[in-house]
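Annotated features in Swiss-Prot:
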SITE      13  site 'Transition state stabilizer'
SITE      20  site 'Transition state stabilizer'
SITE      157  site 'Positions MEP for the nucleophilic attack'
SITE      213  site 'Positions MEP for the nucleophilic attack'
C-alpha cells in the first residue's frame, strides 16, 4: 500500500515558529513517531511525505537517523492540506501503477501499525474509507448571533463518528474527486468530504481512541503520556 503523509503545515496553533511536526516529543520529532508506526506496518510499501522544501533538510536528518526499511520520498506540499494531497495524488496517478492509497496526517503520530494494516486490508474491499471512532460527547450545531453563540440543533449522537486518519481510496477515483474540487472551488478538510460531495460511498474502519491529532500544546502533553505508557508496557 502507498501512503501519503501531509506534513506541510505550520506550528501556529501549537505556538511554535517552525513546522509542528519537527517539534520534539519524548526524544524524537513528532514526524519520526508517525514514520515509525507506518514503517512497522507490514502493508505499507512506500511513503510519500508532502512538505515544504524549506523543511526538507530537517526531514532528511530525521530520515537519516531512523534507518527505515520502507522507501520514503519527499514531495512538495501545497499551501493547504487539500492542495498537498492533490499534489501527492497527482504524482502517484502519473506513475500509472498505483491502484489504492492511504492518506495519514503527519500530526497523528500515535496511530499504531495495526491501524495502518487494518485500513489497508479493508481498502481491498471498498473504494473509500476512513478511520473513525464513535462520538462520546453530545454535539451542538450553533450559529453566532448578536448575543453570542446560540444552539440551533442537537444531532443524534448514535449516528456521529469522529473522523481520523488513515483515510484510504481507490487512486483513480480520488484523483477524479480532487480535479473536480479544483474545478468547482470546493474547500474541504479531509478527502472523504470530496467523495461525499460526489455521492460516492465512504466507509468507516474502527479507529483508535489514542489516535489524536496534535494541534495544541496540551495535545503534546497527552501524547507524551500515551507514548511513555506504551514504552513502559513494551519493556
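Just so you know, glycine gets a Cβ as well, placed from its N, Cα and C.
Note that the coordinates shown come from a computational prediction; the quantities given were computed from them, not determined experimentally.
Counted over every protein chain shown, other Cβ atoms within 10 Å are most numerous around 20 among the recorded sites 20, 157, 213.
Between the C-alpha atoms of residue 213 (site 'Positions MEP for the nucleophilic attack') and residue 20 (site 'Transition state stabilizer'), the distance comes to 11 Å. DSSP assigns residue 213 (site 'Positions MEP for the nucleophilic attack') to coil in the three-state reduction, outside any helix or strand.
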